[in-house]
Amino acid sequence: MMNELIRLVWITLAQAFVVLFFSPLFNGVIQKTKALRTGRWGAPVVQPFYDLLKWFKKDVTLAETHSVLTVCVPYAVFTLMLLLNMSVPMISTAVPIAWLSDVFVFIYVLATVVVLLALAALDQGGGFGALGSSREMMLNFFIEGALMATLLVIVYAGGTESLALSIVTYGKVTNLGISYFLLLLAFFLLVVAEMGRIPVDNPDTHLELTMVHEGMVLEYSGRYLSLVMWTQMMKSWLFASMFVNVFFPSWDLSKALAAFLIGQSNYETVSFAGTVLETLLGTIFLLLKMLALGIIIGWVETTFAKMRLFKVPQLLGAALMLALLSFLASLTP
């Protein structure tokens with residue numbers, strides 16, 4: 001019992017470190033890829049860390065019309081997003097916060113983060129905040145529908161409402177057939193949409209006519225801005241890691257390799273030393289997959305143009321239909 005507790009504490013601390021430290025680096029990889037693709041050297045991969053530190057050091061300036069909601073939301077969304085990242089398996093099949101991995105709870109908490117940010121933007125009384133909030137809620141209406149359909153296909157294949165268990169078992173119970181590739185494409189479109197990347201949104205824009213997420217955080221400054229931007233980076237990391245772990249799992253490889261290195265024949269009963277080695281190997285495999293995905297997303301951003309706002313629901317509708325077709329294809333023997 002004590003060994004299991006120590007093992008869970010280790011995995012919790014390791015996964016929290018991976019999420020907090022590597023989520024800004026993932027954003028930096030995308031920015032670096034975009035710069036190289038456009039013929040520029042660009043900022044270093046660690047630039048997002050410099051930005052977060054810079055904002056933490058700056059003074060906070062808030063609108064005169066703000067209430068306590070504006071002050072509390074950055075801490076609330078940061079905490080909720082970190083909890084969501086801890087509710088899915090990343091570097092190991094063990095889940096630090098299992099009670100939050102129910103698929104419906106997961107979706108509701110994710111929607112709560114969006115609603116809180118929208119309310120905080122409206123609370124500050126700025127025109128850009130209201131504009132960004134209305135657009136974000138409109139897009140989120142379509143995103144959540146497609147996301148729910150996609151996640152339900154995954155949990156149906158896993159045979160449980162637990163999203164964490166379904167992520168682990170999906171690759172084992174699903175063949176590389178038409179259902180797999182349809183769901184892969186649907187999930188990739190959702191990853192791009194949830195990250196606010198081109199062609200859905202442009203995170204680098206500062207034009208009021210094209211602002212979505214940037215419009216909501218325009219009134220924030222100082223440590224509040226840093227927390228909100230860090231939250232968005234963790235959200236990007238969450239969906240990107242779910243994507244690579246669902247369709248390109250490597251947990252069995254990590255366990256088998258860890259058991260081999262410590263001389264154990266059965267990797268299902270690996271010791272605590274094996275658990276530490278397993279999480280380290282799992283982190284390495286995860287980072288390699290995330291690096292590849294970051295380069296692909298950067299390539300997509302520099303290849304395609306941003307879609308018009310009212311055409312984005314068509315793209316999200318396509319993701320919904322792909323998820324439904326994947327479900328129907330999975331029913332056929």
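Residue numbers in this text run from 1 along the chain shown.
Backbone N, Cα and C define each Cβ position, glycine as well.
Remember, TrEMBL labels are computer predictions, not curated facts.
Note that this is a predicted model, so its numbers are computed, not measured.
Per TrEMBL, the features are as follows:
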type	residues	note
TRANSMEM	6-30	transmembrane segment
TRANSMEM	67-91	transmembrane segment
TRANSMEM	97-120	transmembrane segment
TRANSMEM	141-158	transmembrane segment
TRANSMEM	178-196	transmembrane segment
TRANSMEM	280-300	transmembrane segment
TRANSMEM	312-331	transmembrane segment
Would you mind listing the long-range same-chain contacts of the transmembrane segment (67-91), meaning Cβ under 8 Å and 6+ residues beyond its ends?
11-12, 14-16, 18-20, 97-98, 100-101, 106, 109-110, 112-113, 116-117, 119-120, 123-124, 163-164, 167-168, 220, 223-225, 227-228, 230-231, 234-235, 237-238, 241-242, 245, 251, 279, 282-283, 286
If you count Cβ pairs under 8 Å, which stretch among 6-30, 97-120, 141-158, 312-331 touches the transmembrane segment (178-196) the most?
312-331
Among 97-120, 280-300, 312-331, the most Cβ pairs under 8 Å with the transmembrane segment (141-158) come from 312-331
